[in-house]
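Quick one: the structure is below, and I'll ask about it shortly.
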Amino acid sequence: MALAKRIIPCLDVDKGRVVKGVNFVGIRDAGDPVEVAKRYNEQGADEITFLDITATHEGRETTAHIVEQIATEVFIPLTVGGGIREIKDIRAMLNAGADKVGINSAAIHRPDFVKEAADRFGSQCIVIAIDAKRVADEADGRPRWEIFTHGGRKPTGINAVEWAIKMVNNGAGEVLLTSMDGDGTKAGYDLALTRAISDAVPVPVIASGGVGNLDHMVEGIIEGRADAVLAASIFHFGEYTVPEAKAYMAARGIEVRL
Amino acid sequence: MSKSSVAVIDYGMGNLHSVASALEKVGDGVKVMVTDCPETILSADRVIFPGVGAIRDCMAELKSRGLDEVIQEVAAQKPLLGICLGMQALLENSEENGGVECLDVLPGAVKFFGSDLRDSTGGRLKVPHMGWNNVVQAIEHPLWAGIPDASRFYFVHSYYVDAPEFVAGSCDYGVQVHAALACENVFAVQFHPEKSGDMGLRLLSNFLNWDRPAAFFPVTD
């Protein structure tokens, strides 16, 4: 009897298609985000996150249309990230049925954007998305992580923990934290990074990047002190289902919604 | 269900797409009207008062549209469901934004969770209270029909309701959160039924089928 830790499947959407997903048993069109979202909803996912990796304006309109279709059939929280640069982008996604939007590089270009967005729409729907990489330790030996953009290729020199604090002070209601070191490796979340940020901010933190098995999810919650764990490929490729992940976590004493 | 109508009050506080979609999903032909028109609201068979955001803006938007008095009139007449900020606005006052007087339809106050919220073992709790938490039902009520006690619903809020009476359900988040209130034809919930999966849809369906104010039956052991 307590707040459940959340399991959040993430769909990377490009030009209206899920790009990491293949091989769903019983679904003819594995790349249709509406079908994939419905399936995760039926499995008991606690939320669904869409990352729009389409570069073009037309592509983003496609994503808004997809969100609109999903929101008429799936009644759990939906978060949309990727390409959110202006207030009108946020409004378009919320009007389409998204509950939260993730802001990433636009906040780095203009930190006040998060403040303006939170003032306009409320902190509850503004997620600061942080892509961080471990860099050389601080002079006193403490680990240091910095924000990277362009898929982890471009350093910004910004301290990730300080950035999280600043963005929450600007009104972000949640942190979506992706370890660029871990992303795609299946070696597990960066637990030290996750814990450093979770301890530093009062708002919920979603761990992302690197999950390869169910123990990683358990570690993300217990050692990383994350409030939610996000995963893409381990669900897309059918290695695990959401109910399997929840049962595994529940057996290790983690409060989940079964 | 008869082909009745439900008005969803649109006063510029948040996206009402999900509430309207959920009602259409469970409504079996019910007419869903998303509106800020007082006449339309007053002519509907039942009314939903949703909302996300900050209470000061909420009250200002209601007053600028003349909806504060409309809601008080609805509360005296027909089934009314307040959701999230809509629930909070029905209380006497809120601590948010330095203190705001609300609609005073239900007794009670809206309080801040605080910056050092702890669970019973001393563990730190994040604010906003975001995610799925158990709602323990305090009374029998037509809106709880078919919903098992302690079912999980989706919450997202930084301020919580503390009411002296009419508590229909509560949840534990460092403090006792009065997650649902029921008084005559008014029902109010802190969680988002439109985002709470099957249990949330069931509650909305129950609301659309709720024709008469429920008597107030405290659960006794």
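From the backbone N, Cα and C atoms, a Cβ is placed for every residue, glycine too.
No curator has checked TrEMBL annotations; they are predicted automatically.
What you are looking at is a predicted structure, and each value in this text was computed from that prediction instead of being measured.
In case it helps, TrEMBL gives these features for our protein:
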type	residues	note
DOMAIN	B:8-208	domain 'Glutamine amidotransferase'
ACT_SITE	B:Cys84	active site, nucleophile
ACT_SITE	B:His192	active site
ACT_SITE	B:Glu194	active site
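Distances, neighbours, how buried they are, the whole picture for these features please.
Close to B:Cys84 (active site, nucleophile) in the fold, though at least 6 residues off in sequence, lie B:Pro50, B:Gly51, B:Val52, B:Val156, B:His157, B:Val189, B:Gln190, B:Phe191, B:His192, each with a CB less than 8 Å from its CB.
In this structure, B:His192 (active site) belongs to neither helix nor strand by DSSP; it is coil. Around the Cβ of B:His192 (active site), 24 further Cβ atoms fall within 10 Å across all displayed protein chains.
A sphere of 10 angstroms centred on the C-beta of B:Glu194 (active site) encloses 28 other C-beta atoms.
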Mean pLDDT across the domain 'Glutamine amidotransferase' (B:8-208), rounded to an integer, is what?
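In the predicted model, the domain 'Glutamine amidotransferase' (B:8-208) has a mean pLDDT of 95.
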